[in-house]
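For reference, Swiss-Prot lists these features for the protein:
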- C34-C122: disulfide bond (DISULFID)
- C38-C118: disulfide bond (DISULFID)
- C46-C128: disulfide bond (DISULFID)
- C58-C95: disulfide bond (DISULFID)
- C61-C79: disulfide bond (DISULFID)
- C62-C91: disulfide bond (DISULFID)
- C68-C104: disulfide bond (DISULFID)
- C121-C139: disulfide bond (DISULFID)
- 31-87: repeat '1' (REPEAT)
- 88-147: repeat '2' (REPEAT)
- 1-31: signal peptide (SIGNAL)
Amino acid sequence: MDVHKEVNFVAYLLIVLGIFLLVSVVEHVDAKICTKECGNLGFGICPRSEGSPKNPICINCCSGYKGCNYYSVFGRFICEGESDLKNPKACPLNCDTNIAYSRCPHSEGKSLIYPTGCTTCCTGYKGCYYFGKNGKFVCEGESDEPKANMYPAM
């Protein structure tokens, strides 16, 4: 009779541990589910960090992207970009020689996504702006950008 109680206790304990593991795994899965149809997007732009003190960029605060910060060769903050990709400003094309590089919040991957392939607003990356084939703003991406390639090429 004691063996039967011990087996029941062990079985109960295994079930509780299994449920705990299942719940913890489910909490870490991205709950965003996107449909599989392809979007009809023309291109995407993702503001990225560019330049360095040794390799400066040619830009000015007006044409710099909102959300990106611009710095001098010495690392001194110059400005935040003023141009909104959804509604671009008419800016002069001159280079601000005080600006050497930018730091943007999303800095993985390419700045220009063309062609977009089967990207939709749902599968597009947060912080990236997607435009139709006519060049008009469609949406901002909704999915988190992968941090690293989990399956490197063999």
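The count begins at 1 with the first shown residue.
Using N, Cα and C of the backbone, Cβ positions are placed for all residues, glycine too.
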Using a 10 Å cut-off between Cα atoms, which of these disulfide-bonded residues sit near C34 (disulfide bond): C46, C91, C121?
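If one measures from the Cα of C34 (disulfide bond), the disulfide-bonded residues that come within 10 Å are C121.
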List which of the disulfide-bonded residues C46, C91, C95, C121, C139 have their Cα within 10 Å of the Cα of C61 (disulfide bond), in sequence order.
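So the list is C91, C95.
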Going by Cα-Cα distance, pick out whichever of the disulfide-bonded residues C46, C68, C128 is nearest to C62 (disulfide bond).
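Going through C46, C68, C128 one by one, the closest to C62 (disulfide bond) is C68.
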Which residue, out of the disulfide-bonded residues C38, C62, C121, C128, shows the minimum number of other Cβ atoms inside 10 Å of its Cβ in this structure?
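Counting other Cβ atoms within 10 Å of each of the disulfide-bonded residues C38, C62, C121, C128, the minimum falls on C38.
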Indicate the candidate from C46, C61, C79, C118, C139 with the smallest number of other Cβ atoms within 10 Å of its Cβ, considering only these disulfide-bonded residues.
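Each of the disulfide-bonded residues C46, C61, C79, C118, C139 was scored; lowest Cβ tally within 10 Å is C118.
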Rank aside, I only need the closest one: which of the disulfide-bonded residues C91, C95, C118, C139 has its C-alpha nearest to that of C46 (disulfide bond)?
C139
Give me the DSSP three-state residue breakdown of the repeat '2' (88-147), ordered helix, strand, coil.
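Going by DSSP assignments, the repeat '2' (88-147) contains 0 helix, 15 strand, 45 coil.
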Within 10 Å of the Cβ of C122 (disulfide bond), how many other Cβ atoms can be counted across all chains shown?
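Total other Cβ atoms inside 10 Å, all chains included: 14.
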Looking only at the repeat '1' (31-87), what are its DSSP counts of helix, strand and coil residues?
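With helix first, then strand, then coil, the repeat '1' (31-87) has 0 helix, 17 strand, 40 coil.
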CA-CA, which of the disulfide-bonded residues C38, C58, C95, C128, C139 lies nearest C104 (disulfide bond)?
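Nearest listed residue in space: C128.
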What's the number of neighbouring CB atoms sitting within 10 A of the CB on C68 (disulfide bond)?
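Excluding its own Cβ, C68 (disulfide bond) sees 21 Cβ atoms within 10 Å.
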Show which residues of the chain containing C58 (disulfide bond), separated from it by at least 6 in sequence, have their CB under 8 Å from its CB.
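Set apart from C58 (disulfide bond) by at least 6 residues yet with Cβ under 8 Å, we have C95.
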